[in-house]
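Trainee: These came from Swiss-Prot, pasted as-is:
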TRANSIT   1-31  transit peptide
BINDING   Cys83, Cys102, Cys104, Cys113  [4Fe-4S] cluster binding site
ACT_SITE  Cys85  active site, nucleophile
DISULFID  Cys85-Cys115  disulfide bond
SITE      His114  site 'Increases the nucleophilicity of the active site Cys'
Amino acid sequence: MTTQASTFAVAVPSVATPFRRHRNPFVVRAQAEPSDKSVEIMRKFSEQYARKSGTYFCVDKGVTSVVIKGLADHKDTLGAPLCPCRHYDDKAAEVAQGFWNCPCVPMRERKECHCMLFLTPDNDFAGNEQTITLDEIKESTANM
């Protein structure tokens, strides 16, 4: 026997039903990955911008990989590479405003990248590379 919870519109087991372990029904998991084309576009953009700005990727290429995939996902879903490291109440409005589209205004004006994608040489987390391969991105993010 189940009752309908009107607030959330989900079935709730009655008290008589024994407790069963199931995944949390309120957890939403993303199913889609960004397209390989968008990941490649954002990879190339990131390499070019690092060279142009005199910045470097994080010594942990996993950080670089996750950010590039986040940018690619936003490029696919929003049409622009909105910074994936921030919370937005309205992503579409943020894309239209352009402030947080990569490279964001703080990066362009002061070389401050919140995502740690573009790091100045004096940053403790900066590596010495301005390149990353598509295979490195796939390998770093395979189990995520």
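Placement of Cβ uses the backbone N, Cα and C atoms for every residue, glycine included.
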Trainee: Within 8 Å of the centroid of the Cβ atoms of Cys83, Cys102, Cys104, Cys113, which other residues of that chain place their own Cβ, given that this set defines the recorded [4Fe-4S] cluster site?
Mentor: Cys85, Trp100, Asn101, Pro103, Pro106, Met107, His114, Cys115, Leu117, Phe118
Trainee: Whole-number Å distance between the CA of His114 (site 'Increases the nucleophilicity of the active site Cys') and the CA of Cys104 ([4Fe-4S] cluster binding site)?
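Mentor: Cys104 ([4Fe-4S] cluster binding site) has its Cα 9 Å from the Cα of His114 (site 'Increases the nucleophilicity of the active site Cys').
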Trainee: So what sits near Cys102 ([4Fe-4S] cluster binding site) in its own chain, CB-to-CB under 8 Å and at least six residues off in sequence?
Mentor: Phe45, Leu71, Pro81, Leu82, Cys83, Leu117
Trainee: Between the Cα atoms of Cys115 (disulfide bond) and Cys85 (active site, nucleophile), what distance do you get, rounded to the nearest Å?
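Mentor: Per the Cα atoms, Cys115 (disulfide bond) and Cys85 (active site, nucleophile) stand 6 Å apart.
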Trainee: Tally every other Cβ atom lying within 10 Å of the Cβ atom of Cys113 ([4Fe-4S] cluster binding site).
Mentor: 23
Trainee: Any same-chain residues 6+ apart from Cys85 (active site, nucleophile) with CB under 8 Å of its CB? Would you list them in sequence order, or say none?
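Mentor: In sequence order, Val67, Gly70, His114, Cys115 meet the Cβ cut-off.
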Trainee: For Cys104 ([4Fe-4S] cluster binding site), which residues in the same chain are close in space, meaning a Cβ under 8 Å from its Cβ, but six or more apart along the sequence?
Mentor: Cys83, Cys113, His114
